[in-house]
């Protein structure tokens, strides 16, 4: 995070504490705003049939909702950066609830599109991005566990909401049900309030045991340095003079207090040495070091000639550090000149003279699009998302085509959800402990997910279908817990809101371009298995793109290493 406490220790994410309360808050937000999505057909089905736009209307409304959620990413990054993830989550919660509540008197498609799809979609998009950014700020080492637990709550809500909607429709009809669901959505405000600024809960970074041992070894090595110690033993009076000189410099010069190296103060009197350590001495005597690096160049007062302590130490220090100091001075002078030129040009240039497109690029962090690796990540995740969306849409029709009843289909989907939840609950702690990148874990799980779905497409028997669909659900959970984390792993926390927003926009563009492909393949071929295989192909396209990037990166790194070795 870059902040430090009063003692100069780096402040890091709490990785627990209030962070777990934030996880509960995210679960409340997701339960309140996203759980209704799988129950859309159940909630709006009769109303759309009364309007005479049952299938077409449902498709248009859900497509508009999904597009709004994803394209809200254009605004959510700048909003989080300007305000905070907490405020954006509050705004999203209000929009989501108001969208549901204002839909209750709807008697036309236009009304539903305006309130449920656009207003509600903006609210869901804002809460989705801001809650993800909040958890990334609260957790570093346990980030996977936090994301996984928040997703478990969402999955549980999606399992319970269909039953709740069914009961509400029986008791209160369409209009009353929407008002009650809007009231439930307002609970997202409570969850958003729990997303306190992470600055309230950061903790000092703890030094690792090996780092402490290194500091102790450094001190022992310097204590036992034979040349200086023998000089001090030979002339105790001069050693005291040298130490007083260092103390004078320590009092007079406050520069360079950030240095963390240690030097020994050795006071000798008739062969007895007392070693004193001071954290700030090296920095205080680094008068000419503009970078804060700990080169020693000081004047030690001595009443003797070169044979005495003062002269010998001066010779030794000059001989060791003259070239390094000169290089640092020249380098830092050039850096200072460049920085002053930038400041002068920035002061003289009026904001009105900056081109409008540059201001837009800076405000929305569009410079991320220059990062080819980030673009390849977006490509892979977006094409995977299209495959996932099409599979969820196709499976009920696939099971119905095999002759299974709606009750059987519901049971198959419930078992998929159970295995999905199991993966989200069990795997995140394991993923946090293994030393493997999230992107690699996502790719491995994607391979097994694609293969299990292709095997599922060739099954017809009940038992075989149940086994394969449960395995597929488990690998789906394994991929989704690392889906968004591949972005936060690549980007810094400062760039994360914009990076996640652009990721949502990319998903929207790929859905618009490739979303109908699965349906076209099914209509042209008349085969559901072929349609499912095409979605597996999309998953493997993602993996091939990432594999090519890995090979190119490794090749360029090897060539650079060879050039370095040759020089």
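Cβ coordinates are placed from backbone N, Cα and C, and glycine is handled just like the others.
Per TrEMBL, the features are:
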type	residues	note
TRANSMEM	12-31	transmembrane segment
TRANSMEM	51-76	transmembrane segment
TRANSMEM	88-106	transmembrane segment
TRANSMEM	112-135	transmembrane segment
TRANSMEM	147-168	transmembrane segment
TRANSMEM	174-195	transmembrane segment
TRANSMEM	372-389	transmembrane segment
TRANSMEM	409-427	transmembrane segment
TRANSMEM	439-456	transmembrane segment
TRANSMEM	462-487	transmembrane segment
TRANSMEM	499-521	transmembrane segment
TRANSMEM	527-552	transmembrane segment
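Contacts between the transmembrane segment (409-427) and the transmembrane segment (112-135): absent, as fewer than 3 C-beta pairs lie under 8 angstroms at sequence separation of six or more. Most Cβ pairs within less than 8 Å of the transmembrane segment (12-31), among stretches 51-76, 88-106, 112-135, 147-168, belong to 147-168.
Only sequence-distant pairs (6 or more apart) were considered; of these, at least three Cβ pairs between the transmembrane segment (372-389) and the transmembrane segment (527-552) are under 8 A, so the stretches are in contact. With pairs at least 6 apart in sequence, the transmembrane segment (147-168) and the transmembrane segment (174-195) have 3 or more Cβ pairs within the 8 Å limit; the two touch.
When Cβ distances are compared across the two stretches, the transmembrane segment (527-552) makes contact with the transmembrane segment (439-456), since 3 or more pairs at least 6 residues apart fall below 8 angstroms. Sequence-distant neighbours of the transmembrane segment (112-135) (same chain, 6+ residues past either end, Cβ-Cβ under 8 Å): 19, 22-23, 25-26, 29-30, 33-34, 44, 57, 60-62, 64-73, 76-77, 79-80, 85-86, 88-89, 91-100, 102-103, 106, 143, 146-147, 150, 188, 192, 195, 198, 484, 488, 496-497, 500-501, 504.
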